[in-house]
Amino acid sequence: MPALVLIGAQWGDEGKGKATDLLGGAVDYVVRYQGGNNAGHTVVIGEERYALHLIPSGILRADCVPVIGNGVVIDPGVLLTEMDGLAARGIDVSRLLISANAHLIMPHHRALDRVTERYLGKARIGTTGRGIGPTYGDKVARTGIRVQDLLDPGIFRKKLELALREKNQVLAKVYNRRRIEVDEVVEEYAAYAERLGPHIADTGLVLDRALREGKVVLLEGSQGTLLDVDHGSYPFVTSSNPTAGYAATGAGIGPTRINRVVGIIKAYTTRVGAGPFPTELDDKVGEELRRIGGEFGVTTGRARRTGWFDAVIARYAVRVNGLTDLFLTKLDVLSGFDRVPICVGYDIGGERVDEMPMTQTEFHHARPIYTELPGWQEDLSDVRKYADLPAAAKDYIRTLEELSGAPVSAIGVGPGRDQTLVINDLV
């Protein structure tokens, strides 16, 4: 069986956890392929709410194997806390597999992330301060420490000593911060190694064998397309590639294994942190969207910026990811609005632009051009069939499909596992 990719089509927080959980019943493996604990998924099952930061949502399905791929950067302390929290709630975490090639977030990464962000002042990017960027930086610089190094204490110490020789100079002499002691870190990470050792595997090999046996593999990205370090609103992006092109690399499988790419897209738009946001609403309407939609970060608790649906970035996401389907989430949040605007293009210096601007300067100056559709008053939270949606809601969905260039195959009308309308089977 081929693999499928599930990615965010906006600035993250689109509802990927809900989508992954829905598909989890039809897949055998769920693989997280990039990012770290700087993003979170929320899954609601009955009265239970699960906030996941590193572990794939497939952990909540008893017959699914969750995998943390080589493209992820891992804070082992955070991972163990998450595992313990799930275990305390009766979730079997013994199935979790961790790629030996994934990189470790170290104390010096967190320290440097926090201090450099403060140093930037008003020019800061809005990092979560969890060490994600510095870890990816060391990975590319070939000075990182990988999960497999936990299995060899001698190699781990040697790599750590080499890293701290430089990092402590920067912390102490540039930022006037305390040096990090090698022995303290070695002791801390030795405890992590003891607990995580049984979960470490050659996950690329595991997944290849699974695919050859006809198993279904779901590749789950974190964050979203517009936060991609190459294709996002740079420099206000994450330090990895959430887009579909990286899914194979970050999971350790060949790209020809993938035959479907599903983009999760919210019925309106949100983003966290600094950076351009053409449809942002700095008024009571924006506050209302935030309140009704519960737009506060799972990981940071920060209030998300809110705005109307932006068809320009939707088209862009379809293009750069090769999206075959859209999973539209939070349609229920738009109930009660008399009119629902959709951004169909940008005004940049008096010129209309219908595609993503080539430069970030142009994107920064983009002003939305709206078309307005009639809204609907009905509560959608109990709707379970597409045919039962209000006519205005159906018109809204059809318009989004036409403007984005991809079909809507599933619709979320609430946070619950059962609050999803499936139009086309995704697996």
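Glycine too: its Cβ is placed from the backbone N, Cα and C atoms.
Here the structure is a predicted model, which means the values were calculated and not measured.
Swiss-Prot annotations:
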- Asp13: active site, proton acceptor (ACT_SITE)
- His41: active site, proton donor (ACT_SITE)
- Asp13, Glu14, Gly15, Lys16, Asn38, Ala39, Gly40, His41, Thr128, Arg142, Gln223, Thr238, Arg302: IMP binding site (BINDING)
- Asp13, Gly40: Mg(2+) binding site (BINDING)
- Val298, Thr299, Thr300, Gly301, Arg302, Ala303, Arg304: substrate binding site (BINDING)
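The recorded positions near Arg304 (substrate binding site), taking a 10 angstroms Cα-Cα threshold over the set Asp13, Gly15, Asn38, Gly40, Thr128, Gln223, are Asp13. For Gly301 (substrate binding site) paired with Gly40 (IMP binding site), the C-alpha to C-alpha distance reads 10 Å. Reduced to three states, the DSSP call for Arg302 (IMP binding site) is coil. Take the binding-site residues Gly40, Gly301: by the count of other Cβ atoms within 10 Å of each Cβ, the lowest one is Gly301. Pairwise Cα distances among Asp13, Glu14, Gly15, Lys16, Asn38, Ala39, Gly40, His41, Thr128, Arg142, Gln223, Thr238, Arg302, the recorded IMP-binding residues, top out at 34 Å. With respect to their backbone Cα atoms, Asp13 (active site, proton acceptor) and Asn38 (IMP binding site) stand 12 Å from each other. In sequence order, Gly8, Trp11, Gly12, Gly35, Asn38, Ala39, Thr238, Ser240, Pro242 are the residues near Gln223 (IMP binding site), counting only same-chain partners six or more apart with C-beta under 8 A. With the fewest other Cβ atoms inside 10 Å of its Cβ, the least crowded of the recorded positions His41, Arg302, Arg304 in this structure is Arg302. Distance between Cα atoms for Thr128 (IMP binding site) and Ala303 (substrate binding site): 13 Å, as a whole number.
Note: the Cα of Ala303 (substrate binding site) and the Cα of Gly40 (IMP binding site) are spaced 14 Å from each other. Looking at Asp13, Asn38, Thr128, the recorded positions in this record, the fewest other C-beta atoms within 10 angstroms of the C-beta turn up around Thr128.
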